[in-house]
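What Swiss-Prot says about this protein:
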- Glu33, Trp34, Arg35, Arg65, Arg188, Ser207, Gln211: 3-dehydroquinate binding site (BINDING)
- His121: active site, proton donor/acceptor (ACT_SITE)
- Lys146: active site, schiff-base intermediate with substrate (ACT_SITE)
Amino acid sequence: MRRTKIVVPIMLTELTELEKVSVSDYLSADIVEWRADFLSADDIFEMAPKFFEKFKESKILFTLRTVREGGNIQVSEKKYLQILQEILKFEPDYIDVEYFSHGPSFAALKNYREKIVLSYHNFDEVPTDLTSRLIKMHEEGTAFVKVAVMPERECDVLDLLQITRDMTLEYGNHFISMAMGDLGRLSRISGYLTGSCWTFAGLENSSAPGQISLKETVEILDLLENELA
């Protein structure tokens, strides 16, 4: 049995695309992530009941990744919060909230801490203050804390692995971390060492640079983790 949960994003750009999605393609995933930021707010609202009905047997993470954090949608604070509040009516298992980009929205959603994946994405670097950011996020008491950063050299990846391990040992097993790009691929399959409890894998199109396919991720983690469970 694997320790690391595999999350597979679904990125739809039009309402009609949901009909073409086969639930069976995602059976190897532990969690399905609806990356809704490729749709307009109105289309998100229209698709939501159909999406949650279609994947009612799956655990669902809802993510609205904004342009500021590497996503595809640019919305006001008010609209960001409105979308998340509307989605919460469908009782997703988890909902991503961008902590440093949308702090006011998180403050309004604190009653949903047990569902929140508090996230921070940096597509430029591994910031020198990453540890302090992780501690600040951890102190908010959410279900998970997620960081994705861009390494410039090999030591950046090793630093992230060590920071994740240190945070897990100190504060518990609710951290999710990854170094993006080809250089960071090791971070996506090393959760059994670092304590990072989720990894993200692509079905076909990846949602982040360096993402490994679902099939390959399952094979690698089964090889690395099955004897450790």
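Here the Cβ of each residue, glycine as well, is placed from N, Cα and C on the backbone.
Locations of recorded Swiss-Prot features on the structure.
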{"residue": "Glu33", "record": "3-dehydroquinate binding site", "CB count, 10 Å": "23"}
{"residue": "Trp34", "record": "3-dehydroquinate binding site", "CB count, 10 Å": "26"}
{"residue": "Arg35", "record": "3-dehydroquinate binding site", "CB count, 10 Å": "21"}
{"residue": "Arg65", "record": "3-dehydroquinate binding site", "CB count, 10 Å": "24"}
{"residue": "His121", "record": "active site, proton donor/acceptor", "CB count, 10 Å": "22"}
{"residue": "Lys146", "record": "active site, schiff-base intermediate with substrate", "CB count, 10 Å": "28"}
{"residue": "Arg188", "record": "3-dehydroquinate binding site", "CB count, 10 Å": "25"}
{"residue": "Gln211", "record": "3-dehydroquinate binding site", "CB count, 10 Å": "22"}
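Distance between Cα atoms for His121 (active site, proton donor/acceptor) and Glu33 (3-dehydroquinate binding site): 16 Å, as a whole number. DSSP assigns Arg35 (3-dehydroquinate binding site) to a strand segment in the three-state reduction.
The residue listed as 'active site, proton donor/acceptor' falls within a strand when secondary structure is assigned with DSSP. Secondary structure at Arg188 (3-dehydroquinate binding site), taken from DSSP and collapsed to helix, strand or coil, is helix. Taking only the Cα positions, the spacing between Trp34 (3-dehydroquinate binding site) and the residue listed as 'active site, schiff-base intermediate with substrate' is 16 angstrom. Cα to Cα, Arg35 (3-dehydroquinate binding site) and Lys146 (active site, schiff-base intermediate with substrate) are separated by 15 Å. In this structure, the CA atom of Lys146 (active site, schiff-base intermediate with substrate) is 14 Å away from the CA atom of Glu33 (3-dehydroquinate binding site).
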